[in-house]
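Now, the feature entries from TrEMBL:
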DOMAIN    64-341  domain 'Tr-type G'
BINDING   73-80, 140-144, 194-197  GTP binding site
Amino acid sequence: MARSSATRLLSSLRRGHKNSFSPLRPLAVLILDGAPLGSRRGLATSSAARVKEEKEAWWKEAMERMRNIGISAHIDSGKTTLTERILYYTGRIHEIHEVRGKDGVGAKMDSMDLEREKGITIQSAATYCKWNDYQINIIDTPGHVDFTIEVERALRVLDGAILVLCSVGGVQSQSITVDRQMRRYEVPRLAFINKLDRMGADPWKVLNQARSKLRHHSAAVQVPIGLEEEFQGLVDLVESKAYYFHGANGEKVVTEDIPPKLEALVTEKRRELIEVVSEVDDKLAEAFLNDEPISSSDLKMAIRRATTARKFIPFFMGSAFKNKGVQPLLDGVLNYLPCPIEVENYALNQNKSEEKVLLPGTPVGPFVALAFKLEEGRFGQLTYLRIYEGVIRKGDFMINVNTGKKIKVPRLVRMHADEMEDIQQAHAGQIAAVFGVDCASGDTFTDGSVRYTMTSMNVPEPVMSLAVSPVSKDSGGQFSKALNRFQREDPTFRVGLDVESGQTIISGMGELHLDIYVERIRREYKVDAKVGKPRVNFRETVTQRAEFDYLHKKQSGGQGQYGRVCGYIEPLPMDSPTKFEFENMVIGQAIPSNFIPAIEKGFKEASNSGSLIGHPVEYVRIVLTDGASHAVDSSELAFKLAAIYAFRQCYAAAKPVIMEPVMKVELKAPTEFQGTVTGDINKRKGMIVGNDQEGDDTVVVAHVPLNNMFGYSTALRSMTQGKGEFTMEYLEHSPVSQDVQMQLVNTYKATKGTE
């Protein structure tokens, strides 16, 4: 019965509504199956849900088995050696070379000459390896703090990190800096106390230093068996087992019972670990307060919860050089560091004035990826992408949000130090590299359905310039190649040409920033560069309204030049979105409308160089009210020149002032040097806006004119015995005092006179 009535219903539907039948085709199959419609629909939705669940289970499992980590450390605490061992144990490399080994091969990760010489490591942005069926991407974390944007980008890509500390040196100045950055970018981390085989190794001293200097809420998850030459293995406090490392390269991990002489220490340290974790984890605290026995799995889960929430840092131990303790550290990475879906990543929606959007980080959503590092490879530019959402396949099209260009993905690869393997697709959470994509570092790619960027598109303006030129004329090609590459890699680095002197001008975020680039030109491109004196990028502006009425008339046989412009210039408010405004308020046809663009062009050109010190004029509004033209002699050129001369004529009457870049300087120095440091800032005409105490250090925040900050890093080091450090970022341009203005104008006139 059900079957025949269903057939009749369908045939009438087919006759009556030809167009509306197509969506019913799957429905027909369901009814003709002989079961009631309602239950069939339920079956359909449940099977669709099951398919969806299966799909979700596939990517969920893949994502949970992935870690994106960085290894960062103070110079010489063994970062490269540790990375080398990790690659060896995970089967990525088949023999071990030391960093400064006798064989002269050098470690795998140090593939640039500059790195082998200086010990800066991991040139490759991401190296992929496998451990216990988990994928681990080891991402480069730059050691230099100076490149604010580059460091920020590298840390954004990490989901977790290993902080390597030396068991002899302890917490050193750079460890503090690196740790502070990780805290700023909210990176969960483990710590690894390395070099336990060295004379004077004391892991407990380092742990206490980390608690006092780095304000770490931390505890050891391991206890060493012997120290210095007697360092034999480790006791795992979570599992309560002893590990020994046998074999030529420590590849055989042997598990034994805890040595009797260490039992008391192990019990004490395990209790301490449980106590510290239960302070930040409620579940464990409940069991601890009720005196319930705490199993290793409960403790492991609690440490994971506390570490991923950035409330606790577990401390591992070992000696990478002596091949001890690396495998348990890798297990720790899998057990305690978050996978890509456990980390919150935010994008900025460009359609809604950079409103923050939380990305779920699943392969199902729209494709969003960040180009976080560029490299000049053998086959052209290699762009590293960290995929935050969606899937990308070879041959797909993607859109660069920053430039709006549509790009096809010609080749997709996965990197191992400097070898690569081709892959067909990559999904959210993974790191892949693409060839032949022209973009800058920090660009965001999407599939076109959304306009998200992972980093703000507002790049700070450069505040300092240097004139550079190659010493020998032959190396011009390499020189320009270097500058082009650095510009693409770092948006805060700009290259321009000084029209008057014909010199190449490089601009950046500070003295050290530019020094490092000049050094890189010398090293990587073998070009010696002559460097001029650093120049501060001043600006000029007007402070009051001034009228202009200028007639440009030239008669020299044949067609002359004639153009008259009248109007006024006035200052724009400092928070105005535009720095130059031109308004045409001419009534009637006193000036033919086809000459108006030429007049605007003339005023724009004139404002590029103020008459005080020849720097650009900003925050100025020019209003054109009247003028006159000649039927024959008026031309675009005549009106452009009239505008330039009119601007110069009324500029002095508008009371111009010079504006200088003011920097927000944040200093950190031991309290005993507070008086000297603040006195020095006052001497540099700085204004102190904040003074805080952080442990034994004083943190001073001040606004200081950039012109008075030359050579400050050296001065600060000598004032604080090398213990002080500072960061400097651009705040605003503000007017200089009258005496400074006079001095700058006189210097400018003197240099003009000699030219």
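Cβ coordinates are placed from backbone N, Cα and C, and glycine is handled just like the others.
Note that the structure is predicted; figures quoted are calculated from it, not measured.
What TrEMBL annotates, mapped onto the structure for a quick look.
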residue	record	CB count, 10 Å
ALA73	GTP binding site	25
LYS79	GTP binding site	27
LEU196	GTP binding site	26
